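**Q** Before I ask anything, let me first share the structure, which is written out below as structure tokens.
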Amino acid sequence: PPAQPEHVQQTDLASTLAIGLGLPISRNSVGNLILPVVGGKTMREQLRFVHLNGFQLSRLLQENIPAYEKDPGYEHFKIAEKSHGNWIKLYLEGNNSEILLNLGKKVLKQYLEALKTLSSSLSKQVAQYDMYSMMVGTVIIMEVLILLLLSVPKALSKQAEFEVPLSPPLFSLLFYLMCLMLCAVHVIVCTSAESLCYFCSMSWLTAVGVMMLISALMCGILSAVAKILENYRLPPKNPVASSYSWSEIDVLILAGTIGHVLSLGASSFIEEEHQTWYFLINTLCLLLCQELCRNNFLLKECDPQHSTNVKQNFDSIGESSKCKNIDIPAASNSKLGKVTSSSEFIKGSDKWISLATPWIILICCRLLRSLNQTGVQWAHRPDFGHWLTSSEHKSELSLLAAVSLLMIFFLVQRRCSLVSKIAMALGLLGVYSYRAAIGNVTFPWQHGGKDISKGITEARFVYVFVLGIVFSGTKDLLKSQVISSDSSTKSTGLWEVYSGLVLLAALLFRPHNLPVLVFCLLIQTMMTKYIWIPLKFDAAQITIMHYWFGQAFFYFQGNSNGIATVDISAGFVGLDSYVEIPAIFLTAFATYAGPFLWAIHLLCYLSSEVRRNSAAVGHGCFCYALMRSIPVAIYVVLVTGLRYHLFIWSVFSPKLLYEGVHVFITAAVCLFFTAMDQNHSYKVQ
């Protein structure tokens, strides 16, 4: 009745609409027929409708539950089915008495009870989570995060010591007591679990290994806390050195990290996460502008010695730019007599370019935002990328792609060897040829009569040059690591590996996304030359800036936290058919090219900073791992708590998948960092 409307489940709409429209009920629907909708039909039709619904639910129950015959809903359905058979016999005999009507109402009631029980059982099955396995994984993740946080003081010290105290706890009584307790809990949970548990299905050897890992990490945490408390009680050896003042950059980094982590608890913030990163890098640029103004104007007036220091910083840029490795600052062995006066420095062009750099970066970021609309709320709006990819603007897209490839060559080649420069030029030419072959762009002399192909030959032509450049860089790295510890050879090798990855990204990116790669290289070059070196930020701050820009460029590419924005076509570039391993690698690289290229550039920069800070690479590796671990660990806890949220499968689950893949990529990057920092580790030992 309209005065007292009945509450129905949202899942009931699918079944009711299907029956009302004379269509089959969806196979995985767990809804019941809303009976008042068909209340005007005859008793025979009503019984037929509820029987169809019950049959569909019972089939779904058989597919999902092994012991479906013992389910109360299934038993009720079978009883109702038998009663329905008796009713049909009476109906066919032509019995129109009140007995037939009462029996029909009784069968209808039995069907409705069976449908309700079946739907409830299936809903519980759909919303049933393996909480024991989820809790075990969450505990391990949180233990690792706590260990990383407790190791911050030592890891960011001058020695860059990252030491997990696991050896003493392995021989302690607490470790064995915890192992026994966890094994007992495992036995109790696995023997009393009614549903299938993934962790319980593992072999006992694997389960005991996991319990030992949890116990060792917990003992390591307790040992680290005990050491911190012990050191806290002791008086500091150098009170002046131990005091640390927070700068505006540090406050922004802390507030931005905490704010981003907290925003992961809201589905709308996950859908529009790109807005968070755009805001953070814009705020960072404004803060860098303030820092540059203070260093160039305010502090110079207050402290004459500061003018001399800033001048030396810019002189080191000028000297290093003349060398082959532009990002390596020259040794600061110049005497004060060589420094020009403050008035001459004011006239220098480097100062004004440095002051303009944050504003240029802001302009670049604004242009990139207009290139690809991402997220959910404004994804339907037309953007510059859609305009370029339309068939009417192929000539404009061709011109933009050609200019972008030329800019990529100009920005990358400056630190490469002659052979790598030639390979890079031919590789970029092959990229344009590949896009022309598949019909994305055209050559000036081409008039639309050319047949479109898969471009397999052209793509493989580029792959050869990618492998060649990476191999050349790897050779220099091995030479610097094994034969002689030459920093210039190591820097050249790292840059050539980076150049090979840039060439691969240029091949996999769609033509309208090539400006993203150009602006990525341009921002890296300008920030290195005019911000990071002059202001002498420490390795931790530079690492976090790289991480933030990498996250922003992930969304500048047009990515989002939805599966639909993954560019699957990148996995088929240069392949005749689907080949699993290359397709996975190429798709993952094309998707995470932004964060990955910024991480490798971070390694190139920190390797050049070893002269100023011998532990720079170690600091960068630790900070990068920590910045990735904090949001992942907190997000796992949030997703576990929000597992019954309405958007758990459409919003939170895809984001968790993205985070998981990003963790694998970060692990690979950190291993590369550790390999490049091996010489320093030998010195520390």
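Residue positions begin at 1 at the first shown residue.
Just so it is clear, glycine is given a Cβ too, placed from its N, Cα and C backbone atoms.
Note: TrEMBL annotation is automatic and uncurated.
Straight from TrEMBL, here's the annotation block:
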type     : residues : note
DOMAIN   : 349-659  : domain 'GPI ethanolamine phosphate transferase 2 C-terminal'
TRANSMEM : 131-150  : transmembrane segment
TRANSMEM : 170-192  : transmembrane segment
TRANSMEM : 204-229  : transmembrane segment
TRANSMEM : 418-438  : transmembrane segment
TRANSMEM : 498-523  : transmembrane segment
TRANSMEM : 581-604  : transmembrane segment
TRANSMEM : 625-644  : transmembrane segment
TRANSMEM : 656-676  : transmembrane segment
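I'm curious about the neighbourhood of these features; can you describe it?
**A** Here the transmembrane segment (170-192) has Cβ contacts under 8 Å with residues 132, 199-200, 207-208, 211-212, 214-216, 218-219, 222 of the same chain, all six or more residues outside its ends.
Here the transmembrane segment (498-523) has Cβ contacts under 8 Å with residues 361, 364, 367-368, 371-372, 384-385, 388-389, 397-398, 400-401, 404-405, 407-408, 411-413, 416, 420, 424, 427-428, 430-431, 434-435, 440-441, 459, 462-463, 465-470, 473, 549, 553, 556-558, 567, 570, 573, 586, 589-590, 593-594, 596-598, 600-601, 604 of the same chain, all six or more residues outside its ends.
Remote same-chain residues near the transmembrane segment (625-644) are listed as 127, 129, 134-135, 137-138, 141-142, 144-145, 148-149, 152, 257, 260-261, 264-265, 543-544, 547, 652-653, 655-656, 659-660, 662-663, 666, 670 (criterion: CB distance under 8 Å, separation of at least six residues from the stretch ends).
With a threshold of 8 Å between CB atoms, the same-chain residues lying at least 6 positions outside the transmembrane segment (656-676) that come near it are 477, 481, 490, 494, 561, 563, 588, 591-592, 595-596, 599-600, 603, 607, 617, 620-621, 624-625, 628, 631-632, 635-636, 639.
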**Q** Using Cβ atoms and a strict cutoff of less than 8 Å, what residues sit near the transmembrane segment (581-604) while being 6 or more residues removed from its termini?
**A** 327, 491, 494-495, 497-498, 501-502, 504-505, 508-509, 516-517, 520, 524, 542-543, 546-547, 549-554, 556-557, 559, 566-568, 570-573, 575, 617, 620, 624, 661-662, 665-666, 669, 672-673, 676
